[in-house]
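*Asks:* Below: one structure in structure tokens.
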Amino acid sequence: MTFGRSGAASVVLNVGGARYSLSRDLLKDFPLRRVSRLHGCRSERDVLEVCDDYDRERNEYFFDRHSEAFGFILLYVRGHGKLRFAPRMCELSFYNEMIYWGLEGAHLEYCCQRRLDDRMSDTYTFYSADEPGAVGREEPRAGGAAEAAPSRRWLERMRLTFEEPTSSLAAQILASVSVVFVIVSMVVLCASTLPDWRAAAADNRSLDDRSRIIEAICIGWFTAECIVRFIISKNKCEFVKRPLNIIDLLAITPYYISVLMTVFTGENSQLQRAGVTLRVLRMMRIFWVIKLARHFIGLQTLGLTLKRCYREMVMLLVFICVAMAIFSALSQLLEHGLDLEASNKDFASIPAACWWVIISMTTVGYGDMYPITMPGRILGGVCVVSGIVLLALPITFIYHSFVQCYHELKFRSARYSRSLSTEFLN
């Protein structure tokens, strides 16, 4: 270390008012990276890049950091115990102190690592998402940037209005109108499948025409909403990849395909295949219900939970498939394979027995097929108990993930609600 008072055998670290004396030899290989960097400083500028201030006369380095957190970290690097959070200190603040001095989350005890992971998961939305209106608060720099600032502010407001229902009063009104259109379209779609409705539409052509007009108006609203959100989106490729936007496309496209097919083939076409295709496309409009996920936290929580817990869901399917293979083979053998004269015809094959296994493991029990032999009934009881246990094992992880996702989305919604309140007051 060439910079510093010549002849000094030790240096002093002043961390938040607490002073620690270290020898120069110890400073070179000190476990904390920030402290060891002092040994290689060649000038005062290099020193001030590492610490906040320096007193050359007393050879003292000042760090404006949390003194109690540094005391815990220093005890850990000296080998006196394990690294845990300081009492009465936020986990994220202590973690920031660790990062500052050169430690990582892996140095924490396992219990503290879990606390840190939970805390970071609860607040990650706050740190990762942009604050509402951040673009609007950005200061115009000069020239073209000053002229582009109003347009950027307007685009950001439009994005929040269409993407975040709680971001403003206009967004809430827009979301309410969308929900009304979704409900109306679902009511019309469900009513059109009723036999009485079909009979009335056959006798009264105007009733069928009114339902088509209502359906066209709803589709027009959904199409316009989707086009506007695509135009004002920042990243067009990212917009197309979003699951909710894909669902919107799947819900809207069948209507236009069915209209084109009707135009080209005619409503009374002899092509039975085209008629079946039209009915399938019409029924695909049930995807409109999923559009409600844009406006309700509950559906968003469900989607986010399934996205994060896909490993647990795959694990659950593997459990069920393995148990189904074992119990279906055993049940087919006990009910049909051992005694061919008095065999149970419902268990004539392993695929047929799989249906009984799945409804037994899920405790549904339709009663359409059941074992009649004593060994088969014992196997049925084991199958039911095994199904309860196997289904319960991954459910705990999925439940905790659901609660965590719900709190995250609720926190995000609360942030935009505070932005709405501020806008209303202003």
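Cβ coordinates are placed from backbone N, Cα and C, and glycine is handled just like the others.
Below are the features I grabbed from TrEMBL:
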type	residues	note
DOMAIN	9-119	domain 'BTB'
TRANSMEM	169-194	transmembrane segment
TRANSMEM	214-232	transmembrane segment
TRANSMEM	244-266	transmembrane segment
TRANSMEM	286-306	transmembrane segment
TRANSMEM	313-334	transmembrane segment
TRANSMEM	346-366	transmembrane segment
TRANSMEM	378-402	transmembrane segment
*Asks:* To the transmembrane segment (286-306), which of 169-194, 214-232, 244-266, 346-366, 378-402 is linked by the most Cβ pairs under 8 Å?
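*Replies:* Looking at each of 169-194, 214-232, 244-266, 346-366, 378-402 in turn, the most contacts to the transmembrane segment (286-306) are made by 169-194.
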*Asks:* Does the transmembrane segment (378-402) make contact with the transmembrane segment (169-194) through 3 or more Cβ pairs under 8 Å, each pair 6 or more apart in sequence?
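*Replies:* Answer no: the transmembrane segment (378-402) and the transmembrane segment (169-194) share fewer than 3 Cβ pairs below 8 Å.
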*Asks:* Taking all residues of the domain 'BTB' (9-119) together, what is their mean pLDDT?
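*Replies:* Overall, the domain 'BTB' (9-119) comes to a mean pLDDT of 84.
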*Asks:* Which bits of the chain, at least 6 residues beyond where the transmembrane segment (313-334) starts or stops, bring a Cβ under 8 A of a Cβ in it?
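*Replies:* Contacts with the transmembrane segment (313-334): 306, 347-354, 356-358, 360-361, 371, 373, 375-376, 379-380, 382-383, 386-387, 390-391, 393-394, 398.
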*Asks:* What does the DSSP secondary structure composition of the domain 'BTB' (9-119) look like, as residue counts for helix, strand and coil?
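*Replies:* Helix/strand/coil tally for the domain 'BTB' (9-119): 55 helix, 21 strand, 35 coil.
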